[in-house]
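For reference, the structure is listed below as structure tokens.
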Amino acid sequence: MSLHEINENVKLAREYALLGNYSSAIVCYRGVLEQIKKYLFTVRDSSFQQKWQQVWQEINEENNQVQEIMRTLESFQLETTPSKPPSNQDGINDIWPVQVERRSSPLPVRRPPVPYKDSKPHNNRLSVAGVRAQHRQSPRGANGDRAKPLKGKEKKEAKPKDDKNKAEVSEKEVKRFDGQGYDKDLIEALERDIISQNPNVKWDDIADLEEAKKLLKEAVVLPMWMPEFFKGIRRPWKGVLMVGPPGTGKTLLAKAVATECRTTFFNVSSSTLTSKYRGESEKLVRILFEMARFYAPTTIFIDEIDSMCSRRGTSEEHEASRRVKAELLVQMDGVGGASDNEDPSKMVMVLAATNFPWDIDEALRRRLEKRIYIPLPSAKGRVELLRINLKELELANDVDMAKIAEQSEGYSGADITNVCRDASLMAMRRRIEGLTPEEIRNISRAEMHMPTTMEDFESSLKKVSKSVSASDLEKYEKWIEEFGSC
């Protein structure tokens with residue numbers, strides 16, 4: 001989670017509210033509030049915490065205002081029961097009473113019925129004002145769908161300039177999944193798992209793993225760039241399984257795939273697709289794939305897939321778990337990426353990651369056609385990881401990254417990050433040793449930012465041990481040799 005993501009989600013929520021799409025705005029506002037709550041746990045400065053709490057309250061107030069608008073609109077819809085369709089084209093005149101309109105608005109006030117031809121100049125002026133005002137002011141539509149182009153005669157008689165503006169608005173609108181027939185709460189729960197339209201993680205942000213990057217580009221990225229080539233027998237792969245020890249960068253690779261493909265990115269885990277109510281877990285799986293097809297091209301990243309799709313037929317397996325696995329297998333086989341008559345640019349790619357590939361069901365292993373190994377970083381990769389982690393720190397002249405990389409052989413990417421974090425705190429620990437809390441608060445900022453020395457890294461390497469054993473590496477290599485598909 002980053003401040004950039006929070007900022008973009010706030011902009012998206014406000015844009016939805018301005019366009020009258022209040023239900024989508026509420027979903028975005030709720031997501032932002034949860035993101036800020038999580039971010040508050042990482043903030044240590046009390047002054048920053050107070051500022052973020054104030055931001056949370058302001059955004060929560062905006063959310064409450066949008067909810068109040070929705071309740072007002074719903075009350076109007078319940079109270080208005082016309083016996084026949086309104087005489088005008090859009091029926092706008094019969095929705096809002098005269099006293100509601102206190103200022104200039106894209107909606108006309110209630111007037112006595114007059115023939116349409118007599119009010120032609122007036123309606124044209126109002127339609128132009130409506131198109132402009134709904135981008136600058138908070139709209140007050142009856143059903144939250146004010147951004148649609150005008151209908152009927154008004155659409156034909158509008159000025160060409162207004163038609164161009166409306167076309168631009170419709171292109172910028174974000175399409176929304178119509179979950180008719182499904183529980184609204186289930187759809188909103190899955191919408192919160194859409195990380196971003198663009199996770200903004202590039203290949204260069206990931207150290208080493210050149211072979212894995214090459215395979216993922218061929219399996220996922222190239223079909224988006226060369227749709228005419230990847231047809232027939234060359235159709236894109238249905239799914240990719242990334243296998244490897246913990247902390248080797250499998251999640252980062254998934255985000256890089258979504259960024260390079262410009263796809264919608266679903267981050268799914270076992271908690272997303274499980275429910276205490278009978279039958280809802282299977283519905284969640286089906287809704288997930290229907291939403292993925294709607295927002296295609298889409299990348300569905302299922303982390304720790306072994307927790308959902310372990311082997312079937314074992315004594316520990318529950319009936320509910322078996323039904324979820326069956327639905328997931330059916331939906332994955334139905335996605336199919338792109339066949340002879342389908343557009344590869346509208347594919348749905350299932351990207352999975354696991355630390356226990358030997359526990360995965362055989363049918364799922366067959367559907368994940370590409371199975372690649374994400375190993376521990378090499379010596380060159382460890383040096384690159386050190387440079388990425390230490391780019392914001394001031395280092396002493398005696399720091400030798402090549403030597404640190406040599407001493408950290410067998411460490412995963414997460415282990416190397418922990419070593420760098422621990423070493424960066426060494427100077428601060430030495431500075432505050434033996435001081436009282438009052439003296440610590442009075443230390444200047446310049447004194448706290450001391451250079452990190454080679455001795456700090458050597459001490460951290462002694463304190464931080466490897467998280468992956470040699471026996472585990474042998475198991476991964478044996479499995480990938482038997483079932484790998486690189």
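Heads up, residue numbers simply count up from 1 along the chain you see.
Cβ atoms here come from the backbone N, Cα and C positions, even for glycine.
Copied over from Swiss-Prot, here are the features:
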type: REGION; residues: 103-174; note: region 'Disordered'
type: COMPBIAS; residues: 143-174; note: compositional bias 'Basic and acidic residues'
type: BINDING; residues: Gly244, Pro245, Pro246, Gly247, Thr248, Gly249, Lys250, Thr251; note: ATP binding site
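Neighbouring residues of the recorded ATP site, listed in sequence order and excluding Gly244, Pro245, Pro246, Gly247, Thr248, Gly249, Lys250, Thr251, comprise Ala353, Asn355, Ile374, Ser412, Gly413, Ala414 (Cβ within 8 Å of the Cβ centroid). In this view, Pro245 (ATP binding site) is surrounded by 22 other Cβ atoms within 10 Å of its Cβ, with every protein chain counted. Within 10 Å of the C-beta of Pro246 (ATP binding site) there are 13 other C-beta atoms, taking all protein chains into account. DSSP assigns Thr248 (ATP binding site) to coil in the three-state reduction, outside any helix or strand.
With a cut-off of 8 Å between CB atoms and residues at least 6 apart in sequence, the same chain places Ser412, Gly413, Ala414, Asp415, Ser467, Val468 near Gly247 (ATP binding site), listed in sequence order.
Of all the binding-site residues listed here (Thr248, Thr251), it is Thr251 whose C-beta has the fewest other C-beta atoms within 10 angstroms. Proximity of Gly244 (ATP binding site) to non-local residues of its own chain (separation of 6 or more, Cβ distance below 8 Å) is seen for Lys250, Asn355, Tyr373, Ile374, Pro375, Tyr476, given in sequence order.
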